[in-house]
Amino acid sequence: MFDFGYVALDILYASPEDSGLYTLIARNELGEVQSNLELIVNSDKTLYLDAHHPEGLSSSTFFFCKN
């Protein structure tokens, strides 16, 4: 768990095998909530390591679910 009370799933170097349906379940003494996410990783794209902004290669991207 991070400082702000959220948990993250990091998939480093995502590959097509990581594609699939992911389910988030948050549960506490007040109840439970569930959200589904379909992740699709295509292998036909190439990551160019000589990018114009190489600092972006080591950064994280966060996706937040809203109902």
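Cβ atoms here come from the backbone N, Cα and C positions, even for glycine.
Copied over from TrEMBL:
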DOMAIN    8-41  domain 'Immunoglobulin I-set'
(request) Let me know the model's mean pLDDT on the domain 'Immunoglobulin I-set' (8-41). (result) 88
(message) Using DSSP, what is the helix/strand/coil residue split across the domain 'Immunoglobulin I-set' (8-41)?
(response) 3 helix, 18 strand, 13 coil
